[in-house]
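**Student:** I am attaching a structure below and will ask some questions about it afterwards.
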Amino acid sequence: MLAFTLRRAVQAIGVMLAVGVIAFAMFRFAGDPVNQMVSIDTSAAERASIRQSLGLDDPVLVQFGRYFINALQFKFGVSYQFRLPVSSLLAERMPATLELAICATLFAMVCGILMGVYSALRRDTVLARLFQAVSLIGISLPTFLIGILLIYLFAVTLGWLPSFGRGEVVKLGWWSTGLLTISGLKALIMPSITLGLFQMTLIMRLVRAEMLEVLRTDYIRFARARGLTTRAIHFGHALKNTLVPVITVAGLQFGSVIAFSIITETVFQWPGMGLLFVQAVQNVDIPIMAAYLLMVSLIFVTINLVVDVLYTVVDPRLRATVGRAS
Amino acid sequence: MTQPVLSVRDLEVEFVTRRATLRAINGVSFDIAKGEVLGVVGESGAGKSVTGLAVIGLIDPPGRISGGEIQLSGTRIDHLPPEQIRRIRGKRIGMIFQDPLTSLNPLYRIGDQIVETIRTHTSLSESAARRRAIDLLAEVGIPAPEKRIDGYPHEFSGGMRQRVVIALAICAEPELIIADEPTTALDVSVQAQIIALIKRLGRDHGTAVMLVTHDMGVIAETCDRVAVMYSGRIAEIGPVQEVVRNPLHPYAKGLMGAIPTLAGDDKRLVQIPGAMPRLSAIPPGCPFNPRCALAFDRCRVERPEPIRQGTQSVACHLFEPAKETAA
């Protein structure tokens with residue numbers, strides 16, 4: 001078990017190294033950073049001294065080593081546009097993105113699983129068919145369109161919810177949260193739904209298909225022959241077996257929720273990392289882009305690791321295979 | 001004669017499909033007495049398993065019981081509402097399925113599955129149910145049950161898993177056990193152990209057993225009586241010695257003739273020509289008539305009713321006293 005986790009962790013480090021190379025390469029192929037920092041009338045001598053002070057005339061490997069060691073300490077350099085350390089910029093924006101991503105994932109999991117179970121158990125009811133139709137919309141409509149439609153309906157026409165921003169936030173140490181104020185919570189509703197809708201429909205369809213599959217298995221038939229109550233069979237036996245693949249998908253989707261939050265944050269002007277990234281792209285702010293790339297891949301890799309470990313917690317058979325392999 | 005544990009009368013099971021209504025079971029009647037083992041044999045699709053599922057009330061739509069009566073110790077159970085038949089399942093009728101590898105939920109410890117079943121049907125406390133589960137595992141022959149109770153299904157071999165399944169089927173001391181091909185998925189040496197176990201449990205607890213199988217060896221070794229099914233009907237039913245040694249129905253004769261013996265005469269085994277008709281194409285009259293060497297005109301138009309012949313009962317026009325000469 002421990003050996004398995006360690007082996008996965010080593011693989012994760014390998015992935016992070018590869019991403020680090022790509023992030024570093026962005027600096028070298030996206031133009032001369034000195035040009036972006038100085039004005040047109042800076043003399044060549046001055047440019048050379050800046051270059052030297054930034055260590056840009058060292059060999060590539062030395063530069064990469066330096067970048068790598070700094071990245072390990074969460075030092076990602078200074079943003080070209082804000083003239084502030086990238087790490088503090090990201091840290092400032094991260095709570096907004098994480099709160100949004102967690103709310104969106106919770107929304108997707110809770111609604112997705114409930115709707116999926118319902119439409120598997122009551123397959124022929126009108127409501128189950130309605131869920132299926134809604135899920136088709138959720139899968140096929142692009143995120144930004146859903147966001148804009150929600151804004152039009154609930155912010156412009158009905159005026160119930162704010163159309164942009166995070167509302168009032170409360171500082172808890174360095175973490176700023178919108179969960180403690182009414183306006184913060186209200187501001188969270190539409191972005192969460194927009195961001196989580198695709199995941200919700202995905203989870204709903206997955207749960208429905210898996211549940212129907214599991215209900216056909218021999219052990220469910222045997223559970224019925226043992227005289228267990230329908231409730232115990234559906235929610236004790238069938239649902240737990242259904243959740244094994246759902247954990248994987250939901251876990252991996254949490255990563256893409258964070259990555260996709262770029263679009264949602266832009267639509268709702270949500271002051272998170274995604275919005276920061278979009279501004280960085282517009283201004284060719286390479287340190288932010290590189291750091292964001294590293295951050296997102298770190299989150300992805302960590303989630304993968306957690307999902308792998310969670311798997312073995314839910315399914316005892318994997319514990320055995322994992323034990324034998326190690 | 002005392003009241004039989006299970007009494008099935010003129011059972012009919014239909015499957016309603018878009019094209020037609022298929023009758024899988026057509027007028028099946030039999031009794032099983034306390035402590036008796038009734039074997040049910042026949043080719044695949046003869047309706048053996050469907051009969052078992054009908055008794056325990058697990059025929060899923062589009063299938064339904066369309067006629068006849070099922071009585072358990074004198075109470076009619078075929079028209080009970082779902083919640084009441086559920087209370088009977090597992091408590092008064094235990095069922096064992098064919099494949100022990102897939103009968104247990106892989107995510108739960110076997111002890112939890114047994115305790116869950118016991119507590120569904122009795123008012124035992126968690127710890128009392130666990131003690132009972134350990135006793136049950138010991139009774140079905142699982143070594144070191146107090147350790148094994150915390151194992152997961154994948155940690156057991158096929159034979160051991162079938163023992164766990166049997167423990168689950170008998171945990172509420174049912175009056176009747178329906179075993180649907182309990183040994184088909186196991187290898188031969190384990191088969192004998194499982195059969196011996198089912199037989200012993202039936203004897204010790206006075207449980208009636210309905211043993212569905214297509215293994216004539218198992219039937220001859222285990223059963224008190226045997227029913228031969230063909231196309232959703234019982235062709236012949238009687239004491240196992242009689243039916244195996246002296247089968248009356250031409251189909252039963254063919255079936256018994258197809259059993260190889262160790263006596264070793266080099267004769268070719270008897271083979272019944274053709275295949276059992278599909279449910280959508282059962283011929284009129286006796287369903288066996290197209291494959292029967294002795295069929296005559298009446299077999300093609302009139303369905304034979306069961307006729308008593310000594311201790312046996314056979315559904316064949318050959319045995320109708322008045323018409324015997326006509327054959």
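Don't overthink the numbers, they just go from 1 along the chain as shown.
Positions of Cβ are set from backbone N, Cα and C atoms, glycine also.
Pulled these features from TrEMBL for this protein:
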TRANSMEM  A:12-30  transmembrane segment
DOMAIN    A:94-311  domain 'ABC transmembrane type-1'
TRANSMEM  A:98-121  transmembrane segment
TRANSMEM  A:133-154  transmembrane segment
TRANSMEM  A:174-198  transmembrane segment
TRANSMEM  A:243-268  transmembrane segment
TRANSMEM  A:288-314  transmembrane segment
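Describe the structural context of each listed feature in the structure shown, including burial, neighbouring residues and relevant distances.
**Tutor:** Long-range neighbours of the transmembrane segment (A:174-198) within the same chain, counting only residues 6 or more positions beyond its ends whose Cβ lies under 8 Å from a Cβ of the stretch, are 91-92, 95-96, 99-101, 103-108, 138-139, 141, 143, 146-147, 150-151, 154-155, 161-162, 165-168, 257, 260-261, 264-265, 267-268, 270.
Non-local neighbours of the transmembrane segment (A:243-268) in the same chain are 97-98, 100-101, 104-105, 108-109, 113, 143-144, 147-148, 151, 163-165, 190-191, 194-196, 198-199, 202-203, 206-207, 210, 274-275, 277-278, 296, 299-300, 303-304, 306-307, 310-311, 314-315; each lies 6+ residues outside the stretch with a CB under 8 Å from one of its CB atoms.
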**Student:** For the transmembrane segment (A:12-30), could you work out the same-chain residues 6 or more beyond its ends whose Cβ comes under 8 Å from its Cβ atoms?
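**Tutor:** Residues packing against the transmembrane segment (A:12-30) from afar: 60, 63-64, 67-68, 71, 284, 286, 289-291, 293-294, 297-298, 301-302, 304-305.
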